[in-house]
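Peer 1: Quick paste from TrEMBL:
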DOMAIN    B:126-504  domain 'Myotubularin phosphatase'
BINDING   B:N275, B:I276, B:C338, B:S339, B:D340, B:G341, B:W342, B:D343, B:R344  substrate binding site
DOMAIN    B:307-351  domain 'Tyrosine specific protein phosphatases'
ACT_SITE  B:C338  active site, phosphocysteine intermediate
REGION    B:550-659  region 'Disordered'
COMPBIAS  B:568-596  compositional bias 'Polar residues'
Amino acid sequence: MLLTVIPFILSMHRVASSSGSITLKCKDLKVLQLEIPGMEECLNISRSIEALSSVESVMMMYPFFYRPQSMKLKDGWQLYPLQHYYQQIATETTAWRLSCVNGEFTVCPSYPAAVIVPTAVDDNTLKKAARFHQGGRFPILSYYHKKNGTVLLRSSQPLIGPNRKRCPEDEQLLSAALNRGERGFIIDTRSAQAAKQARMMGGGTESKSSYPCWRRLHGPLERGRPLQESFIKLVEACNDTSLSMDRWLSKLESSKWLAHLKGALSTACLAAQCMEREEACVLVHGAEGTDTTLLVTALAQVILDPECRTLTGFQGLLEREWIKAGHPFHFRCARSAYSHARLKQEAPIFLLFLDCVWQLGRQFPFSLEFNEHLLLVLFEHTYASSYGTFLCNSEKERCLCEVKEKTHSLWSWLNQPSQQKKHLNPLYTYNALVIWPSVEPQSLQLWQGLFLRWIRSSQYLDEAWAEIQRLVTSCEDAPEESAGDRQCHSQPDAAHPHRQTQLGNAG
Amino acid sequence: MEHIRMPKVENVRLIDRISSRKAVLGTLYLTATHVIFVENVSETRKETWVLHSQISSIEKQATTATGCPLLIRCKNFQIIQLIIPQERDCHDVYISLIRLARPVKYEELYCFSFNPKLDKEEREQGWKLVGLKEEYNRMGVPNNYWQISDVNRDYQVCDSYPAEVYVPKSATAHVIVGSSKFRSRRRFPALSYYCKDNNASICRSSQPLSGFSARCLEDEQMLQAIRKANPGSNFIYVVDTRPKLNAMANRAAGKGYENEDNYSNIKFQFIGIENIHVMRSSLQKMLEVCELRSPSMSDFLWGLENSGWLKHIKAIMDAGIFIAKAVAEEGVSVLVHCSDGWDRTAQVCSVASLLLDPFYRTMKGFMVLIEKDWVSFGHKFNHRYGNLDGDPKEISPVIDQFIECVWQLMEQFPCAFEFNERFLIHIQHHIYSCQFGNFLCNSQKERRELKIQERTYSLWAHLWKNRADYMNPLYREDHSQTQGTLRPQTAPCNFLYKFWNGMYNRFEKGMHPRQSVTDYLMAVKEETQQLEEELEVLEERLAELKKVQLNNRKQNSKQQDRNKHIELSTSNNSIANTPQDYSSNVKSFPSRSPSQGDEEDSALILTQDNLKSSDPDLSATSDQESGVEDLSCRSPSGGGCLPSEDSGKDSDEAVFLTV
């Protein structure tokens, strides 16, 4: 087991005079108890584990030493080139261009080197707009909704401050994002009150008078400490074997995890709805623009775009909207739920995203190409990994640490055929439509596969999946050549061309 | 008919409960058997049918500017909210429904007028589908230890018991009658389940009339006889399913529980399932939570917890698990009772049987199980489910809880049951619908007197005929989960008990998974089977052809098969749905006409016409847009037999005319 998996040793006690016992509580929520003969050995082992599991320097972490024989170092790092994705959008619409204004990470340290911005706005304007946003995160394109040409933008909060500062460049940037006469929506992931209060700290939110073409909506989401506490409480409740039936429900309730889930899905749906139904452009931001903002933009894309629901498309989405977008994984996913250390920066915002995707998969069992297992693997690897993919807080840091040169990419491992097979949903069929989930409390469930993974046996459920796999494959391998079969199963569009056309027309 | 004051009201609006913005205009009809709402939208004319016997309450709310709201709550958890323009009309509908929903004579019930157009012979065959004599034979009785007794032949010993009862061979008629006099309602210990492998059995009875100190020699002999019928064990468990406090309180009324000192070799055990009144109010509380309009997560979870519903479900399950364990693992016989032995006892015996014997997890076996533990042993269907107007305090969701226990087990053991969730939902529906005679009355005696089998049809035959709709695709006879005893996880397991959205929010379409895995897999399974059969035929033919050296013809037929395959597979891909109201916390969400989106969705739906639901009870009440999961359903197979289409579509006009 990777030592970094263990956030801390819960307890060490003397079992007998000649042996000791160590309880290890791991970041993937597993709990292990080791009985070690010899008190001296026990102490030594626990000291070593403690030291090794709390390596501070990124460069000393395991990915820098992990050298599997079957993989080449550079593989995988170029699997989802951001520039390519953006270039594609730029060629499809003349209104957007690739900008390298952040080439040296000087304009915005948490943005990647290349970003996509309105063609009408030059790099100088961008630099000025960046100074008007927390951490320099000026509005950039996050997703282009091909169906109706609307775009999803994201940024951090504007630095309006108590004196109601304005920034003409920022206003210019935002109005350039809209076509003439169009109106857009700004979805602030804080409550109206919190957004207003942020002015006292130098932040704030776009005012109607300065941004007349934009209409503001609020979808308040929790982040930071309260979210981490919610995670800790939920894991505690799941592990508490003494709970009776009614106390279980109130513990589940008081963890608030499901409420956060409902909030995240609702806000993402609101953003998606603005784009798909109102045919309007959307800008999402909270405060820093690195947490709830990314949660909303990434989720909205899974809901809207069938490409993001494929195995590789989903990996590309994570690369674009989480890793390159500067979600501070190193800070957020350091210790997981068992740690008592009150780390200010720790928060399971990415886990919340994975849980939302799991809920989507439960409500639309045919529409995601990947299965629960992939989500579990991603959860594990954000907290402790042999691969460099989730290391550091931003592209800038990854460059400094030479992550791409000195570690392996998680994607190249996941995309090996043997791994891919494990992560495919046997029920998947391409679904071109938007998947609107239900966010009623009755429709959301505790993600048992993750939170109860080490607590209850999943044997019977695994057997059921094996049975599903068996049914589907036996259908595919049925009498005829399997090639013909696969085709009909995975590419139904070919057989339904008129449906595609209708969709195109409607959009 | 004389109760219908107002056969037809026009311009009534049916409110969609999820999004209050949506309402459809239509005409409301009251017929002798149904309330029918027909939408005005000309192309669809969608109909919502509700049987009078499904109505659990009618509420007339304060008149508003738009009209007079009428809220109809149904026993199958459907809630219909209508707005009737004229207060006077609303009042008439209200008064009519109040009477129609509470019949006073059995003859008023729907099963006496329901005619599925089967001839006499078919009807008789239908009633013979499930036979208890065969069932006891299957279990291996009569045998050296157990015999069939005719002591209750004319229901003289116990009027709520079946005429044929299985008792230990060593229990003489004298002992049985003596024991019956010492038991509430004379419900003496009788065999419910017998385990061939180790002779252990489950027996059931009512509480003994022991008071503080009374004894009965015959009753003690009776228990002794049960123990002797299992030579492998030197004691039996006596399980009192009530909370200890309740049982003790009963002693003051001359009832109570067995004293271990008076009975030789018994181990006594309380289980602690609450009584019917607690269960009724628990369900009531849970339904209030389900009815909340866009509740927060806390509202929902708190409400669910405060209702105590899942706690009660778990208590029933734990009792079943205890008994199954005693029988299967310890080889010890168990006598189960509660107070009268017809509610909790029925629940617990049937859960234990289901865990013990894979047969009860098949479709046929499940019908037998309900027939055995519920129908024959005098579960008071009429009182509990309010078929006839009666004491509201007698009503309680006893069998609903058992059905939910089965669902909870299905969630934990997805491959163990031959039937699917829909099977359970439809059985629940028909327990209240009174469309079939199976669940009429309170006892076998009453049913015989009413000549139910000659005058009504059996639900089991109807379900059996449509069994393709109720199959669990994951069930396989040779799968490990279908073998032997089911052992659910017991501790810690609270989180294993989940809210059953599919039942209690059955009609809130938007809340359910948008794609049905069951239906998809069923289609896949059938397709594979078909292809395999075709392959067989082809191989035979190939063998023949080889003889005459004409190989190339095979290629053509293969091509045809593949084309067919393509058609079928693509049909599973359809999903379309509409967003719900995600902006409840946004004060003024732009309300541009969503016409564009709607067109798009309905256009998609139209291409799916051939895939329309086989489930009229569901499609009839949902709007097209959100009727998503139905789309991937199998093609209709005998739709006239499913719940809301009770009367059969062909009789629509006839019903209107009788008004």
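Each residue, glycine too, has its Cβ placed from N, Cα and C.
Caution: TrEMBL annotation is automatic and unverified by curators.
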Peer 1: I'd like the number of other C-beta atoms within 10 A of the C-beta of B:D340 (substrate binding site), please.
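Peer 2: I count 19 other Cβ atoms within 10 Å of it.
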Peer 1: Given a separation of at least six residues and a C-beta threshold under 8 Å, show me what packs close to B:W342 (substrate binding site) in the same chain.
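Peer 2: Counting only residues 6 or more apart in sequence, the Cβ neighbours of B:W342 (substrate binding site) under 8 Å are B:S160, B:R187, B:S206, B:F377, B:G378, B:H379, B:K380.
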Peer 1: Suppose we draw a 10 Å sphere around the Cβ of B:C338 (substrate binding site). How many other Cβ atoms does it contain, all chains included?
Peer 2: 28
Peer 1: Over the span of the domain 'Tyrosine specific protein phosphatases' (B:307-351), count residues by DSSP class, listing helix, strand and coil in order.
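Peer 2: Tallying H, G and I as helix, E and B as strand, the rest coil: 31 helix, 4 strand, 10 coil.
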Peer 1: Starting from the substrate site formed by B:N275, B:I276, B:C338, B:S339, B:D340, B:G341, B:W342, B:D343, B:R344, give every other residue of that chain whose CB sits within 8 Å of the mean position of their CB atoms, in sequence order.
Peer 2: B:S206, B:T241, B:R242, B:T345
Peer 1: Just report the maximum Cα pair distance in Å for the recorded substrate binders B:N275, B:I276, B:C338, B:S339, B:D340, B:G341, B:W342, B:D343, B:R344, no decimals.
Peer 2: 12
Peer 1: Select one residue from B:N275, B:R344: among these binding-site residues, choose the one with the most other Cβ atoms within 10 Å of its Cβ.
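Peer 2: That would be B:R344, with the most Cβ atoms nearby.
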Peer 1: Mind looking up the mean pLDDT for the domain 'Tyrosine specific protein phosphatases' (B:307-351) in the predicted model?
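Peer 2: That stretch averages a pLDDT of 96.
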